[in-house]
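According to TrEMBL, the protein has these features:
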| type | residues | note |
| --- | --- | --- |
| DOMAIN | A:18-442 | domain 'DUF112' |
| TRANSMEM | A:20-47 | transmembrane segment |
| TRANSMEM | A:59-80 | transmembrane segment |
| TRANSMEM | A:107-130 | transmembrane segment |
| TRANSMEM | A:142-159 | transmembrane segment |
| TRANSMEM | A:260-283 | transmembrane segment |
| TRANSMEM | A:322-346 | transmembrane segment |
| TRANSMEM | A:358-381 | transmembrane segment |
| TRANSMEM | A:393-411 | transmembrane segment |
| TRANSMEM | A:417-447 | transmembrane segment |
| TRANSMEM | A:468-490 | transmembrane segment |
């Protein structure tokens, strides 16, 4: 492992990679601050740029953007009570009241330190967990992968917002169906191309990501403005970013506990930063003495530190299934998986052996990203926060332009752009109908892998489905997927019974 | 009146029905017909799953409606709908004109028209926020990254 860490350090500390991680953190913070735009959009906008650089640098840039976007989301949560992403909603519960009390700088400093500690503990646990899990997963066969992917798909739906389980499942299947467009790689049969040669290669993942996130989010902000602060209004004064010893003492245990909790939740497919931050917030409120409990929601330092450290640790944790099994557990890691596949790199148990530079550079760059956020971004927050007063017209048009031209520069095919506009319209309608987008992306990216692994499994078993319950490991994962799938249905039936 | 969850389920029911029809029409190659899994198998499974979930969603809505009401439609004003529709149309026009008139002109027009649609009326801002962006981006892409961008089929 030490060799790996040294290799990762030597790759991540190359001057151009350091520049990428710094640039990524800044761009991510900038985009993450914009209400309505989250890390998925930030990363999607970066993908066309990463195609022109080597895979390690590309992944380093994207990791920087990811952390920057999470930090940026916290900033807009604290300053204007408009969380950029769901993962930072819990940060606004106490962050915004603190800012209203004139302690915005302190709240941002707590967010940065908590994120840094959460990210650091997460990165350390990732260094320990990933190689071990990668070794174990070397024994996995095609049927196990199919089972794991089914678990990943059902988990992201099951952990979606309350009451949206069936919607998430429909979106997952929608994503899976889109992955079947084009020539079937196994037989060469055309599927759902309707005689259109532009569809023979299938639909590109970049197109789906850009249209369902970047374009649809920008258009959704035009259609349904959610920004609580009107354009042109000055964000509040930042104030001092210094923390006293007593304050550090108060938040430290909460940060430690929440980081570990966040990492564990992040590893679980589908759970992610949102659940981690809410659980950490709830846990800290319950653990706090009665007097401190009453401060929660009114500007509690612990109430801000807990979700911040948990969401950063969960972001790091979500890389464990991606790097070791090749299975993304969230929309953000799904988009990174798509980018890796586009580079010709298949994440999974062999990644550590075949591309150790990428594997370790990603892990090390996560840590560097956290340092950059703390040292460079935090002092620059008053200046970066000016993005919040940028005119909406300029912002929207820039996102539309970069999304369209980003896809065009990769494919040089205007048919892709027409298709992208069509998908953006569909995504916009689905957003209005409160359908979650991440399951669509996950289904689309996992679709090809599920099909190829399913076929391989069926070939090894001579067409017998028993391969999915013959081995205890496969059976166990399958049963877990069924339990996860059945949980929301059972709770719905229980609620109905109670209502009667 | 339809609530938005029912409408969503109906849209997906229609989509998965159409998908199922096409999935059952995927032409199989001769060697595939005896295979346990062929090119149509997985699409058929997805079609069945999609139909199952959309029907379940409709059923859940039917059950819910017996106990509660309220449609939960988001509040959107007409001006926003108009702006969004025109922006979508503008993107379509930009795509259609990108290769015939070239990147520089198409992008400048696209950005300034977009700013105008979004409510910007100052001509100086319209020009300064569009033409320089198009030129700088073009310089970065063509001169710095060495990527060829079509100058416009109409002029070449």
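We number each residue from 1, going along the chain as drawn.
Each Cβ is built from the backbone N, Cα and C atoms, and glycine gets one as well.
Counting Cβ pairs under 8 Å that are 6 or more residues apart, the transmembrane segment (A:358-381) and the transmembrane segment (A:59-80) reach 3 or more and are in contact. Of the two recorded stretches, the transmembrane segment (A:322-346) lies close to the transmembrane segment (A:20-47), with three or more CB pairs under 8 Å once pairs fewer than 6 apart in sequence are set aside. Counting Cβ pairs under 8 Å that are 6 or more residues apart, the transmembrane segment (A:393-411) and the transmembrane segment (A:260-283) reach fewer than 3 and are not in contact. Of the candidate ranges A:107-130, A:142-159, A:417-447, A:142-159 contributes the most Cβ pairs within a distance under 8 Å of the transmembrane segment (A:260-283).
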